[in-house]
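Reviewing the structure listed below.
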Amino acid sequence: MAGTSQHGKAFIRPKKNAHLLIIEARFHDDLADALLDGATSALDEADATYDVVTVPGSLEIPGVIAFALDGMAEGGKVYDGFVALGTVIRGDTYHFDIVANESSRALMDLSVQESIAIGNGILTTENEEQAWVRAKKSEGDKGGFAARAALTMIALKEKLGAQS
Ligand SMILES: Nc1c(NC[C@H](O)[C@H](O)[C@H](O)CO)[nH]c(=O)[nH]c1=O
Ligand SMILES: CC(=O)[C@@H](O)COP(=O)(O)O
């Protein structure tokens, strides 16, 4: 896979034991297993804890983060960061563009407007083959990448003094 590297220097870990929410879309079930495997392995390795919420498709992921933020504001469970996992594979219609673009747009809006740490592990590929290369922990490990990106954002939030 072109451009694959561990990007090791880009990742840092938070000082605190972070607790994250993984939201996984299972529209493509087997690929979802692979992404989740990578993400949970990365969080385990960093001694982070996590809950997992499952949704039907990637378009539902940002809404779940919004629900969790509402819950936190009401005294519910606190999450230091979020990991979004899903796979969008191009079909015959414009639906691909809607799911791929809108899921990421909403994640970016949440990230910037709510000042929250999000790792975006939603694959957007032309076909299943491309998706597998990116989802497998032993290959592209995009689930692991998204989890490490979320931990890095939590650490940067700590470093820059933002309140969680
Ligand atoms: N086609 C894909 C979808 N589509 C489903 C939507 O995400 C959503 O669940 C539906 O529109 C109901 O609101 N989702 C994916 O994650 N991947 C796809 O390839
Ligand atoms: C997200 C997609 O593109 C796909 O699942 C939908 O396929 P289609 O455009 O053929 O309806």
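Note that Cβ sites are derived from N, Cα and C of the backbone, with glycine treated the same way.
TrEMBL annotations: computationally assigned, not manually curated.
Residues annotated as active site, proton donor in TrEMBL: His95. Under the three-state DSSP scheme, His95 (active site, proton donor) falls in the helix class. Applying an 8 A CB threshold to same-chain residues 6 or more apart, the list for His95 (active site, proton donor) is empty.
Residues annotated as 5-amino-6-(D-ribitylamino)uracil binding site in TrEMBL: Phe27, Ser58, Leu59, Glu60, Thr87, Val88, Ile89, Asn120. Secondary structure at Ile89 (5-amino-6-(D-ribitylamino)uracil binding site), taken from DSSP and collapsed to helix, strand or coil, is strand.
For Thr93 ((2S)-2-hydroxy-3-oxobutyl phosphate binding site), the count of additional Cβ atoms within 10 Å of its Cβ stands at 8 [all protein chains shown]. Per TrEMBL, (2S)-2-hydroxy-3-oxobutyl phosphate binding site is recorded for Asp92, Thr93, Arg134.
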Inquiry  = Going by a 10 angstroms cut-off between Cβ atoms, which of the binding-site residues Ser58, Thr87, Asn120 has the sparsest surroundings?
reply    = Asn120
Message = For a quick check of understanding: given the listed (2S)-2-hydroxy-3-oxobutyl phosphate-binding residues Asp92, Thr93, Arg134, what is the maximum Cα-Cα distance in angstrom, as an integer?
response = 23
Task = Tell me whether Leu59 (5-amino-6-(D-ribitylamino)uracil binding site) sits in a helix, a strand or coil according to DSSP.
result = helix
Ask   = At its widest, how many Å does the recorded 5-amino-6-(D-ribitylamino)uracil site span between Cα atoms of Phe27, Ser58, Leu59, Glu60, Thr87, Val88, Ile89, Asn120?
value = 16
Remark   = CA pair Thr93 ((2S)-2-hydroxy-3-oxobutyl phosphate binding site) / Leu59 (5-amino-6-(D-ribitylamino)uracil binding site), Å rounded to integer, equals 16
